[in-house]
């Protein structure tokens with residue numbers, strides 16, 4: 001059996017970006033994904049935003065990697081890779097004096113997280129409504145932040161994977177890891193449920209398994225960290241020309257997330273959500289509750305009264321993995337095994353942070369790596 005250098009487990013945006021980064025080195029790399037398609041869990045059902053860094057607490061890894069990740073998207077990934085995206089400002093609206101005070105807290109947090117002063121501005125009620133006339137006139141203030149982007153996270157993941165594949169990374173879908181055993185020679189034997197690729201022998205494992213990152217680490221006897229879930233449900237409202245927004249409009253964030261958003265989508269429709277429900281069973285993170293679409297359209301209409309709730313098109317749900325101990329990213333080697341790299345707790349802003357997270361994952365392999373002389377990091381999906 002051939003020995004692969006690195007096995008990446010998980011084909012979301014984190015796993016695909018890891019494959020892309022590793023594809024530039026002289027390594028034998030395999031990515032396995034249990035679903036038929038890539039990016040079908042957390043990467044499939046989220047707001048699709050490259051965030052400015054307004055929300056994470058500055059002392060957290062989420063803040064550090066948000067800052068670094070956004071720079072890499074803009075300065076490197078966007079220049080090399082072609083997939084749907086659009087620059088769009090963020091507007092957070094306050095409906096009372098307490099929320100207005102929170103906007104000032106967010107502004108100072110954003111400045112601490114390296115948002116340029118000219119890109120972040122407190123707005124009066126009148127300035128907010130001049131900027132976005134369709135926002136509820138009952139608001140008392142707004143916070144405008146320039147520099148965010150809307151992207152399609154599924155197509156971004158696919159683009160990263162195809163770019164990696166053109167540089168000889170092996171991508172195996174329909175391949176779920178069922179067992180892992182560390183051998184006396186220091187390699188791993190990894191078994192899967194795929195008859196075509198039933199097992200792999202590998203030197204290092206990068207755990208990018210999303211909600212199942214803790215399960216995979218336990219399976220390998222590498223670490224005992226634990227995750228919980230935070231399910232978010234969304235509704236898509238069709239745009240029939242009665243409403244125009246130039247910003248992603250957020251409510252003031254809570255401890256559960258960045259707040260409900262009403263945002264133009266890349267296809268011209270509007271995204272409303274998410275909800276936030278903790279502790280949902282891992283197998284139920286994609287389930288829609290009966291009351292969620294009605295609740296979301298009600299909140300969305302409160303934020304933007306012209307939103308036509310009768311135009312609700314579809315609802316969907318996804319979940320963010322939350323590290324129980326830190327409520328932060330986990331980016332480190334496993335406590336019991338230096339050859340097992342954990343990328344866990346990939347909640348928001350995991351999409352924004354992805355390019356920086358995976359560069360750290362490459363560093364954690366602790367190898368002196370040689371770049372391929374003919375590496376081609378450019379790839380364009382056919383999109384309009």
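Just so you know, glycine gets a Cβ as well, placed from its N, Cα and C.
Note that the structure is predicted; figures quoted are calculated from it, not measured.
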Next item on the list: Let me know which member of 14, 67, 331 Swiss-Prot also records as binding FAD at the site of 33, 42, 43, 47, 48, 49, 177, 346, 347, 352.
Entry: 14
Check: Highest CB neighbour count within 10 A among the binding-site residues 47, 348, 352?
Finding: 352
Next item on the list: Taking only the Cα atoms, work out how far residue 49 (FAD binding site) lies from residue 348 (sn-glycerol 3-phosphate binding site), in Å, as a whole number.
Entry: 10
Notebook entry, point to check: Using DSSP and three states only, what is residue 320 (sn-glycerol 3-phosphate binding site)?
Noted result: strand
Notebook entry, point to check: residue 42 (FAD binding site) to residue 320 (sn-glycerol 3-phosphate binding site): how many Å between their Cα atoms?
Noted result: 6
